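Data block below; observations after.
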């Protein structure tokens with residue numbers, strides 16, 4: 001059973017949940033992380049123990065929440081889901097922990113956003129399965145230890161570097177999720193289309209995968225939008241031409257760049273001479289949060305060689321200039337003699 005301790009989900013969230021695989025066998029990609037988890041889960045089940053605490057990190061949309069739910073399904077236990085910003089006070093976390101049952105999975109998304117005070121409650125809970133409760137105030141205050149059922153904490157984060165060392169060290173399993181290949185995404189898109197009762201041609205699935213930035217969440221989102229286009233203008237069949245026409249209207253180019261990707265790169269190239277330029281300066285220039293640029297847009301641009309992150313700031317690469325048809329500037333020549 002899944003219990004979500006977060007605000008109500010939207011219709012798109014509910015639809016996204018129906019597309020998620022329910023077992024490791026159905027989960028596509030992330031072979032290294034999946035293979036390790038399969039071994040750890042089988043070993044824990046064989047010993048009749050709770051799975052060790054798991055930290056999943058990587059760019060958004062790669063399947064961290066899906067893996068957390070699969071872990072619970074494979075272990076045959078309940079999962080309770082929440083997120084770091086929702087847990088504002090130690091009492092909030094204490095209430096969640098005391099309602100867990102033996103071997104339950106507690107999933108905390110954006111775990112890097114837990115406050116330091118809340119983290120302090122987690123340390124003994126993760127290590128000793130105990131909750132330290134302070135009764136009274138001032139000199140008469142005393143601490144009692146409340147035993148907790150053995151549970152598995154699954155934490156997800158896009159910014160593992162922001163986790164404190166004491167918290168990170170308490171995770172027994174740490175897995176990084178990588179961007180997906182075009183072949184993996186095409187398989188996911190075909191599977192999602194089948195679940196949604198849609199007909200999609202192989203070349204249409206491949207083209208959609210190519211423009212999905214290596215991210216299943218984006219692939220499924222674009223699939224839903226292309227489905228609308230196919231339903232209205234193409235008899236409900238998703239072909240290569242349908243995908244190309246629909247994504248042209250959505251301003252998604254052949255590399256998967258959307259409006260914001262183009263804004264980031266063109267701002268660096270046209271306004272700041274290709275860089276280096278600071279992240280906060282870019283954010284101010286395009287009216288976007290610096291955290292959003294760093295977490296959502298930069299990983300894809302950097303991994304695909306369009307952006308460099310240097311100590312002095314962000315720099316557009318030769319590939320970025322060529323993508324937009326800009327002339328690549330010549331590197332400055334050093335002077336032989338000083339004036």
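In case you wondered, yes, glycine gets a Cβ from its N, Cα and C as well.
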Same ATP site per Swiss-Prot - residue from 180, 259 joining 19, 20, 61, 64, 65, 66, 127, 128, 129, 170, 217: 180
Three-state secondary structure, which DSSP defines for residue 180 (ATP binding site): coil
Which listed residue (309, 314) has most other Cβ within 10 Å, given these are binding-site residues: 314
Extent of the ATP binding site in Å [max Cα distance among 19, 20, 61, 64, 65, 66, 127, 128, 129, 170, 180, 217]: 37
For the binding-site residues 129, 180, the one whose C-beta sees the most other C-beta atoms within 10 angstroms: 180
Local confidence of the prediction over the region 'Large ATPase domain (RuvB-L)' (1-180), expressed as mean pLDDT: 83
